[in-house]
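Taken from Swiss-Prot as is:
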- 37: active site, proton acceptor (ACT_SITE)
- 143: active site, proton donor (ACT_SITE)
- 32, 35, 65, 66, 67, 68, 69, 90, 109: substrate binding site (BINDING)
- 50-108: disulfide bond (DISULFID)
- 64-119: disulfide bond (DISULFID)
- 82-134: disulfide bond (DISULFID)
- 89-96: disulfide bond (DISULFID)
- 1-25: signal peptide (SIGNAL)
């Protein structure tokens, strides 16, 4: 009888694992934001900073991401933007927020003559406010919409 129950439950187990498994290795939007935009320990001061970081953070796999911004502040300062002034996102959604103060950022822009797999970036440092889209519970940044 124990074997019969096991054989009856086996298809159910396979179904549950089939539904759960695809999400196991998936990067959340908040984790992707951190990977693509956070560098709290860095300064972005080297001319090769963007080339190194874009490769290290997997934004040159298969193609060159044209533009990216790294934030050189504690993650808590960036999370704090989600409780600041609400602004409309570039895509028209209403879940964007502007940081209350300027943050140290590095903009990486693909140079005009650069092509995959030799992605070559211009590195520029600024002190600017950032606009982030926030989602979830807890409410955290999931997209860097702009720097102003």
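Using N, Cα and C of the backbone, Cβ positions are placed for all residues, glycine too.
Figure note: comparing Cβ neighbours within 10 Å for the recorded positions 32, 37, 65, 109, the maximum is reached by 37. Note on the recorded positions 50, 67, 82, 119, 134: the fewest other CB atoms within 10 A surround the CB of 67. Site extent for substrate: among the recorded binding residues 32, 35, 65, 66, 67, 68, 69, 90, 109, the largest C-alpha separation is 22 Å. The disulfide-bonded residues recorded for this entry are 50, 64, 89, 119, 134, and the Cα of 134 lies nearest to that of residue 32 (substrate binding site). In the three-state DSSP scheme, residue 32 (substrate binding site) is classed as helix. If you check the recorded positions 37, 67, 69, 143 against residue 108 (disulfide bond), the ones with a Cα inside 10 Å of its Cα are 67, 69.
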